[in-house]
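Visitor: Here's a structure for you.
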């Protein structure tokens, strides 16, 4: 499968080019979905990794050898075929970047599920690391630097992730030397009509929270910048800065009041006062209330070498260095899945308790 099809050209409308390229790829892939009924013949199902209204994620080992994978199953009675194909196609096209979770093999369908394989993150998701307190400064920097690179990669291909949150950041080692952004289910070409979130979300920017049905806004990279700023705050403090970026949320009102007061008070309101000036400047840019002047994700690198004032700045092993990536490098990954079956329903029930190592929500 051609994996750089979503790159845009210098001529023509970039947003239209990306949308058309993705649509063509979805149509092409639709004829290549493999209908199968013998999952347990091809894979040993180890345990359930996560589940939700979308379906479930399973840890599986190919019976003929190869890497352990996370199998994402989407219920056919609740997910449109085109939605499934779009997520798979986007995942395959951007899998060359180490900051984005690899999508592997071929798309499949059983009588109950659409399915595809992804690389398995053995340390779970970022939310599992934030149960009690924020992370040391070095780890926070590693995380946001890798995510900033991943988002810039997506944005350079005319795509917006639109669902950046701790649950969707997969962790590959305890020191966060590699993390990857997963769940591309809401990823769309830039400019796609986007409504308000169906439920209040702390990661949604105010311009979307203010929308009333049936109004929409064109999807912009600034949505990801805002969510990256919220995620930075979460990684540093183990909590969200607000419940929703909308009045009358008191935490958001305090932040917005400080951001809009002229001249701006020298000291920000709590809990923002725990950040050193370089980190605070970064957060002010990523969380700019005006999406037109909001900083891009790569603004992270402007202050990466500065002191952010976070706890445990001397903790953590190794250097700040993260996995390098050079645009243009391609890596084919994963083995295709050949056989599927709905017999997994009974086998999954016997495979042990649910663990949150990988999430698909």
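Any Cβ shown, glycine's included, is placed from N, Cα and C.
So Swiss-Prot lists the following for this protein:
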{"type": "DOMAIN", "residues": "43-309", "note": "domain 'Protein kinase'"}
{"type": "BINDING", "residues": "49, 50, 51, 52, 53, 54, 55, 56, 57, 72", "note": "ATP binding site"}
{"type": "REGION", "residues": "312-361", "note": "region 'Disordered'"}
{"type": "COMPBIAS", "residues": "328-348", "note": "compositional bias 'Acidic residues'"}
Visitor: Identify, in sequence order, the residues in the chain of residue 53 (ATP binding site) that are 6 or more apart from it along the sequence and have a CB within less than 8 Å of its CB; answer 'none' if there are none.
Guide: 78
Visitor: According to DSSP, folded down to helix, strand and coil, what is residue 49 (ATP binding site)?
Guide: strand
Visitor: For residue 57 (ATP binding site), name the DSSP secondary structure in the helix/strand/coil scheme.
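Guide: In three-state terms, residue 57 (ATP binding site) counts as strand.
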